[in-house]
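The structure appears below as structure tokens.
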Amino acid sequence: MSKPINLHEYEQQAMTLLEGPTCDYYAGGCEDEVTLRANLQSFEQVRLRPRFLVDVREVSTATILLGKPLDSPILVAPSAYHGLAHAEGECETARGVAQAGSLFTVSTLATRSLEEVAAAAECPLWFQLYVYRDRSVSERLIARAEAAGYQALMLTIDRPWLGRRERELRSGFGVPSHLSMANFRDVPAAQNYRRAGPNALPDPKADMFDAGLTWESIAWLRSVTSLPIIIKGILTAEDAVLAAQAGAAAVVVSNHGGRQIDGTVTTLEALPEVATALADSACEIYIDGGIRRGSDALKALALGAQAIMLGRPVLWGLAVAGSAGVADVLTIMQRELQRSMALCGRPNLASIDRSLVRPSGMLF
């Protein structure tokens, strides 16, 4: 196979390499997958308004997130079970992220422990947290993340119950026996989570994660860590305001890649109201979902995002070419963003604002 030149080609090649149930797990959404498709399509409904005769001999994608400088706002979103795509799992992903000079958010449901990932490569790391029903388990995870040098905690809030993912049900997806939830090696009951069989989609009352979280739970989280807290799963202005009031350093506008509830607003549709709600706040705004081109990233930045998080495309790169594929996916996106900025007359991220975009369609 020829080397992919864009993220779509990475996906096409990955689909030929991965086993069917793994493809269904990685690529699928919930129920009719309306939101999954709409996430992608929403970027087609926004048009760029380029400005010319601007000096773009030098175009910089450099940014500062949570006080730390980065070469690009293109980051790696948390996703589970990288071991399905590569034998080295999240460790191999981390090596690719380091090669690209990006940042990696490691999932609670990783197939390599957070310590193993931290030791694998020199790249900035955030840790994504699902809160276990036994809070002491989560507190141990947080302490381990701090000790391993992770720079922030990302709390996912849009999974009180697991969405009904019908592709997975049809294909019989389950985590293979040779893979484990590496961060829960001290919790034997967790090792049967998402195994194939009748409990592949867990009963909410038997699920190991806490469906009783409320906004008051953020105070508990702040009491057990000194790390900045990022809240992932924001789709409304109301929740954005509550997140900022609860002390979140950042929010991620996310609908879980269309995997939780079908028919929600897309992330790009939700972004403007979240940005407006947080306009006077120090809370940063990131976005994921449906971003496949640098021009998509540019549209999201124009509508108020400060960083772009890639989930599935990183898995495609990992499956196709390991760490080199991960690095290439991130580099392709960064270079496409840089080129789109140049062609729109925006030499740096500070020059990007809402005047750059408008809805599609004729306006009179």
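Glycine residues also receive a Cβ, built from the backbone N, Cα and C atoms like all the rest.
Just so you know, TrEMBL annotations never went through curation; they're auto-generated.
TrEMBL names Arg165, His256, Arg259 for binding glyoxylate. Of Tyr10, Tyr25, the residue it gives for the same site is Tyr25.
Annotation note: Pro78 (FMN binding site) sits in a coil segment as assigned by DSSP. A gap of 7 Å separates the Cα atoms of Gly289 (FMN binding site) and His256 (glyoxylate binding site). When the binding-site residues Ala80, Ser254, His256, Gly289 are scored by other C-beta atoms within 10 Å, Gly289 scores highest. Inclusion criterion for the binding-site residues Ala80, Gln128, Thr156, Ile291: a C-alpha placed within 10 angstroms of the C-alpha of His256 (glyoxylate binding site); this criterion is met by Thr156. A gap of 16 Å separates the Cα atoms of Ile291 (FMN binding site) and Arg259 (glyoxylate binding site).
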